[in-house]
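Data block below; observations after.
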Amino acid sequence: MFSGSIPALATPFRDGAFDEATFRRLVDWQIESGSSALVPCGTTGEASTLSNAEHHRVIEVCIEQAAGRVPVIAGCGSNDTRNALLHMNFSKKAGAAAGLCVAPYYNRPSQAGLIAHFSFLAENSDLPIVLYNVPSRTVTDIEDETVVELVTKYPDRIVAIKDASGDLSRVADHRMGIGRDFCQLSGNDELWLPHSAAGGSGAISVTANVAPALCAEFHSAIAANELARARELNDRLFPLHYAMFSDASPAPVKYALSRVMEEFTDEVRLPIVSASEASRKAVDEALEHAGLI
């Protein structure tokens, strides 16, 4: 379904508003650098502080600018099931290939609640769903048995998972419970290599925002079983993976983008604030280590 280096795009702001022109340039740069799909309005895109109108415009611009060159997996997550469906229906009409749907956060639903939430979305929208499991942010974990139940019940609707649990055993668990062809994407850049070795097909990546060509080359080496080359690229990228989270995300990502894209500002929305001096130092050192500045 999906594979390769898939950036979870940052949303550029200028003077408090969505900077559409810079976002279009970011989309072009990503595609020209080898990114295989794009994810607007995810965690890194500050979806939680976008209005619905802004959220939909970011998705719309991404799809317009991609112009069919790569698929767009639109961020459709919400802790309000009805609002998630609103995002999905808009994204379907706009031309998205799938919707990335995070486990509802703050509400802390049970596994039965998660099944009801994702079942409602699957039954009321034609947009394929990529499950997004990130318990460090949502508290609630989409357990393996829940994933298997959902995919078995809706095989044509729930088509992939982005797993950011950090538990590599889940790749094998999903392969055993669902099948080897089920699309599994890493949500942890630092685990991209072992996740792929276990059976994953790529990553929805934060680091790919600022190092799209390196990340695309890294995944190509993995796919070609060029382990020595993959390790070499992993070594170059590894400090950057951690630097992207050296302060509250996506502040370090936006600072890094401002260093590699002249027109990209490091502006974030409250309650996130700009990256600290220590974080900026870590980002600069990681960018230099990767050969990006």
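Indices start at 1 and increase along the chain as displayed.
Placed from the backbone N, Cα and C atoms, the Cβ positions cover glycine too.
Per Swiss-Prot, the features are as follows:
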type	residues	note
ACT_SITE	TYR132	active site, proton donor/acceptor
ACT_SITE	LYS162	active site, schiff-base intermediate with substrate
BINDING	THR44, ILE204	pyruvate binding site
SITE	THR43	site 'Part of a proton relay during catalysis'
SITE	TYR106	site 'Part of a proton relay during catalysis'
Practice problem: Sort the recorded positions THR44, TYR106, LYS162, ILE204 by C-alpha distance from TYR132 (active site, proton donor/acceptor) and give me just the closest. | Solution: LYS162
Quiz item: What Cα-Cα separation, expressed in whole Å, is found between THR44 (pyruvate binding site) and the residue listed as 'active site, schiff-base intermediate with substrate'?
Solution: 14
Quiz item: At the Cα level, what's the spacing in Å between ILE204 (pyruvate binding site) and the residue listed as 'active site, schiff-base intermediate with substrate', rounded?
Solution: 7
Quiz item: By a simple count, how many Cβ atoms lie within 10 Å of the Cβ of the residue listed as 'active site, schiff-base intermediate with substrate', its own Cβ left out?
Solution: 27
Practice problem: Determine the Cβ neighbour count for THR44 (pyruvate binding site): the number of other Cβ atoms within 10 Å of its Cβ. | Solution: 24
Quiz item: Including all protein chains displayed, how many Cβ atoms other than that of THR43 (site 'Part of a proton relay during catalysis') lie within 10 Å of its Cβ?
Solution: 22
